[in-house]
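Annotated in TrEMBL:
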| type | residues | note |
| --- | --- | --- |
| ACT_SITE | 213 | active site, schiff-base intermediate with substrate |
| BINDING | 252 | Mg(2+) binding site |
| ACT_SITE | 267 | active site, schiff-base intermediate with substrate |
Ligand code: PBG
């Protein structure tokens, strides 16, 4: 083997000459100095916990594609809400797995004040009034085709869907929801929901707009959780944003704010940190990310295989949202990370 000895450049500069003695490692030299200059921090106040609810009693069904996440009957969901409140988690977002027989073309069961979502809101509010409840007014868990809108002749019809989603939002508010979070991406839904909430005496119910919801492969495990995976035909590209687009996301957020959204959400989360930063800089509004099911499951799966340190990856991914400009994160890790932050 030929040994190659690199020559020193003639008149080679020292590191101090190169850096002008500005050595950025000085502040990284010890734990105390790293803590002192840390710019962003994750706290329990940043967490929103999405949970899945089903009918029955003492039901705790594992979701195969989401290790550590369960579909809960309301008796157990209430227990989990109590645990979340004790941990200091500010809010819960509920998602239903609706009996197949109750799903139809228009998602009409979403208008039943006694559906599982509205019963969950009342049960949790009753037992744990101090925790915030966020409900999704989208139709997908209620339709026989798994789309977020009403399907007519192969087309998701916008205006009829807006009427349905708006009526559902008022019923959810009447059940006690604190924040309505419509995830369907129909045009005009935010303004229609705001008007209807106000007209029905719910002017203090807020709207968290899923302003920029992208057509994404990362929702896969969620569709197993709510039972839409087997139903869904085609894709959601006629209503969710093309994941190639960033200016369009700004226009969506601008429109939703003009219509009365109180908070913005970006979904999915980690692949879209650029969008979060743009929205925060552009609008200076409360901005949230949804770390979606696929993002959660990737970390869990890699950790289960021993390929990454799951706890560290969880904390790093959540802190990344804060660094990007988020005020909070919807995450299935919420109770795990809250317990860790407390300990
Ligand atoms: C649909 C909806 C989706 C999620 C929540 N509500 C996406 C979809 O099924 O298309 C995804 C949440 C997740 O992946 O964690 N309104």
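Cβ from N, Cα, C; glycine included.
Caution: TrEMBL annotation is automatic and unverified by curators.
With the fewest other Cβ atoms inside 10 Å of its Cβ, the least crowded of the active-site residues 213, 267 in this structure is 267. Between residue 267 (active site, schiff-base intermediate with substrate) and residue 213 (active site, schiff-base intermediate with substrate), the C-alpha separation comes to 5 Å. For the pair residue 213 (active site, schiff-base intermediate with substrate) and residue 252 (Mg(2+) binding site), the Cα-Cα distance reads 9 Å. In this view, residue 252 (Mg(2+) binding site) is surrounded by 22 other Cβ atoms within 10 Å of its Cβ, with every protein chain counted. Mapped onto three states, the DSSP output places the residue listed as 'Mg(2+) binding site' in helix.
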